[in-house]
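Listed in Swiss-Prot for this protein:
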- 29: site 'Transition state stabilizer' (SITE)
- 64, 65, 86, 179: substrate binding site (BINDING)
- 239: site 'Transition state stabilizer' (SITE)
């Protein structure tokens with residue numbers, strides 16, 4: 001009886017957030033362990049369906065680095081990285097596109113639909129969703145950045161109750177294919193839509209201080225200071241920079257959460273304290 005009562009309390013405590021978030025646009029960057037562990041994948045799909053059922057408009061951008069590495073290794077193609085980005089030559093980009101758009105994207109979409117969603121799997125090439133240009137003058141090969149987002153296409157999908165699942169592959173005006181960093185892709189899409197929230201699923205709890213403790217609330221000024229003193233470093237820098245870019249471009253809140261925790265999205269969004277790090281301009 002106590003357990004049932006506790007469950008009821010949890011549901012009731014979520015009601016204010018459900019009311020607040022109805023009809024809002026949330027962009028979810030899906031990657032890391034949450035994308036490879038079968039139980040976590042199922043939890044993620046069910047959480048997304050629940051968010052959609054309570055009236056939140058969801059857009060998912062996914063990565064697929066582990067699957068890309070496995071496929072490149074299988075085909076005997078060497079992987080190289082610089083500045084945290086995959087150096088992508090002409091042969092590799094064909095494989096990356098095949099894996100992200102043809103395999104990973106459709107697997108995510110199918111799992112969502114099996115659990116009651118109305119998801120549609122697309123990439124940046126579809127309906128000219130994303131227009132790309134080469135990053136850093138071609139330093140990383142066929143790695144691009146987003147020049148333009150077809151906002152009207154995304155809004156049409158959301159209006160018709162779809163959940164877009166987007167593979168970060170796009171073309172430029174010459175119809176050359178580019179691999180886009182999924183964090184940056186999610187950031188550009190959220191910024192273009194002026195989304196209410198963007199959520200990055202990571203493999204750690206969020207931004208940690210020098211004692212390894214979670215910093216639950218950050219603003220751009222604090223982030224700049226933490227980068228200067230080395231508290232924020234390494235692989236967290238691209239994610240936190242993406243958060244700041246979103247906030248500076250009209251996204252109200254950015255979150256970094258641990259996707260290895262079951263139902264982490266619900267725990268972050270529907271509880272008072274959350275479980276990760278939230279970035280906003282003013283608290």
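Just so you know, glycine gets a Cβ as well, placed from its N, Cα and C.
Annotated substrate site 64, 65, 86, 179; additional same-chain residues within 8 Å of its Cβ mean position, judged by their own Cβ, are 63, 68, 96, 99, 100, 182. Look at residue 64 (substrate binding site): DSSP puts it in coil. Its Cβ taken as reference, residue 64 (substrate binding site) is surrounded by 25 other Cβ atoms within 10 Å in the chains shown. Residues near residue 239 (site 'Transition state stabilizer') in space but far in sequence (CB under 8 A, at least 6 apart, same chain), listed by position: 183, 200, 202, 256. In this structure, the recorded positions 29, 86 were compared by how many other Cβ atoms lie within 10 Å of their Cβ, and the smallest count belongs to 86. With residue 29 (site 'Transition state stabilizer') as the anchor, the candidate binding-site residues are 64, 65, 86, 179, and the one with the nearest CA is 64. Counted over all residue pairs in 64, 65, 86, 179, the record's binders of substrate, the longest Cα to Cα distance measures 12 angstrom.
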